[in-house]
Amino acid sequence: MQSTTSVKLSPFDLMTALLNGKVSFDTSNTSDTNIPLAVFMENRELLMILTTSVAVLIGCVVVLVWRRSSSAAKKAAESPVIVVPKKVTEDEVDDGRKKVTVFFGTQTGTAEGFAKALVEEAKARYEKAVFKVIDLDDYAAEDDEYEEKLKKESLAFFFLATYGDGEPTDNAARFYKWFTEGEEKGEWLEKLQYAVFGLGNRQYEHFNKIAKVVDEKLVEQGAKRLVPVGMGDDDQCIEDDFTAWKELVWPELDQLLRDEDDTSVATPYTAAVAEYRVVFHDKPETYDQDQLTNGHAVHDAQHPCRSNVAVKKELHSPLSDRSCTHLEFDISNTGLSYETGDHVGVYVENLSEVVDEAEKLIGLPPHTYFSVHTDNEDGTPLGGASLPPPFPPCTLRKALASYADVLSSPKKSALLALAAHATDSTEADRLKFLASPAGKDEYAQWIVASHRSLLEVMEAFPSAKPPLGVFFASVAPRLQPRYYSISSSPKFAPNRIHVTCALVYEQTPSGRVHKGVCSTWMKNAVPMTESQDCSWAPIYVRTSNFRLPSDPKVPVIMIGPGTGLAPFRGFLQERLAQKEAGTELGTAILFFGCRNRKVDFIYEDELNNFVETGALSELVTAFSREGATKEYVQHKMTQKASDIWNLLSEGAYLYVCGDAKGMAKDVHRTLHTIVQEQGSLDSSKAELYVKNLQMAGRYLRDVW
């Protein structure tokens, strides 16, 4: 019988052999070729255990790798949860100091300027208090945040301008709507003490309406009024009104912000003259005055849209001694859109002759290239009075053309800034006198009543040559956009914004011929139809509540003499588009007035076409200089009193557009008379009827 050699391996040896890819054993004592098989057979149980273990081990490794990669992918897809300590704002820090919040709602910057001026003086008087100035538009990101934030206020001031026909300014509109509308909140502001200063014009019907309404609502909701509402009147000297109101405020703040044992007398305060830090530069080789770009998600006053002039034409006949321009802005491919009844804000430059005069008065070369800054060289804010936002680096000529309002009458603060830089002591004293309480009457007569411009005042005081930083921060206010009622409908002209603009050209009491900045630019504009190098302007659309009824079958009554026709041209274009689409329209009457049908009857052919097509039911015209007696739209309203009353009784909407100081007041009185007589009502009930029309949004006015 053949003998075999038994080979017994340890588990360690066998695993080593398997991992190395070979089996190591001693064959020196045998030549049997079946020894490897015998070895494996001898150790088969152990081999099976090891093989299974290796397989399980590999499987575990695979699963582990897969789970790690899956977890990593999941973490990559999910935002990591990072715990960030809550940032404690200055409002939430209770350092024992009393906090005062000063809000402003402004259209031209005056309310903001007063708010900052109050804070600057208050800081000097009450060193232990903390003051902050807040744009109402920035106070809360969402409407539901207003209540939460206001509850935390204990002392607040509101500087509120009234704009247009008793409307809030753009930056205060959202807050005003939230605060004055909606459900009653009860007396939830009992911890708040406040004061309100209004900015308006007594010539307008709704003088300081916004300030009055906010004041009433604050009291209704539990707040305590510190002083009566300040009634700033821009028709006179609004700075004097502000100064007088401040004198009522200080004693109240003394009680609230001074320690009981503080018997010191406040040091007389002299407002610092605001001044930019100015840096002069070599003009860049690629300097581009056109730094305006389109494509913003929203075009507004801070982000206007560059728009070319597509069409321009004169609307008056050659017989007219006046001028009225029809202008069309091209808004195709700009992202700008509008609705019928909206307004367009237009930024234009001062006339070249005006800029030439300003350059001479300042005494620097027109191509001086500079930048203005609101901080020091080390980045710290400039002290003293608050500064308006800076404009981009540019030449002096560009700055005077685009950013300086040099044709309006200077405010008293501007006179003081000029006085501070007058080298002639007599001139300096005279400027200080005009700005003082003692010089109030002379300021009112020599500057306000005479419509004396800033340029004229600087000409009268030639030694007053302020540096650029002072001139642009304290002397010349920022040139503001001009607003126009859009005279087209997007249903008729989706890529165009039409403007109807009367030329402003008049002699002032001082003898100066005043040329309107924007109306003159429009009259001289070069349209695309005449040149590829056409005129253009930065523009933006401001939303209006001047809208046709949502139901086209509701009757409408429109009253708009002269350029007051502008929004109604848009209304009628929209009604024509609706009619052509098969929509049933309600009755529409238009009262239009001008001097003479052969001289200034603007858009006559279009209006007749609206009547022929049924977009307009009736056109009622009044010509003030054709007959022996002058006839105006309010006279025509009286003649149509029965028709007007019947339409109002059917739910008609009544619209008025035009001059607020004259025509709109006359139309309002006539409407009151019609309601009283046709409705057989006494005066108080007629007044209530008209007021209810306004509150219901059925009596709308677009006036200036």
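In case you wondered, yes, glycine gets a Cβ from its N, Cα and C as well.
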Matching residue for the FAD site, where Swiss-Prot names ARG482, TYR483, TYR484, SER485, THR500, CYS501, ALA502, GLY516, VAL517, CYS518, SER519 - out of TRP245, TRP250, TRP645, TRP704: TRP704
Listed in sequence order, residues with CB under 8 A of TYR632 (NADP(+) binding site) and six or more positions away: PRO561, GLY593, ALA622, SER624, MET663, ASP666
Per-region confidence, the domain 'Flavodoxin-like' (100-250) (mean pLDDT, whole number): 94
Among THR106, GLY109, ASN201, GLN634, which are recorded as binding-site residues, the nearest neighbour of VAL517 (FAD binding site) by Cα: GLY109
Binding-site residues listed as GLY109, GLY164, least Cβ neighbours within 10 Å: GLY109
Cα-nearest neighbour of ARG322 (NADP(+) binding site) within the listed binding-site residues, GLY109, ALA161, ASN201: ASN201
Alpha-carbon distance [ARG482 (FAD binding site); PHE207 (FMN binding site)] in Å: 21
Rounded to the nearest Å - Cα separation of ARG482 (FAD binding site) and GLY109 (FMN binding site): 14
Minimum Cα separation from THR106 (FMN binding site), reported as the residue among binding-site residues TYR484, ALA502, SER519, LYS630, GLN634 that achieves it: TYR484
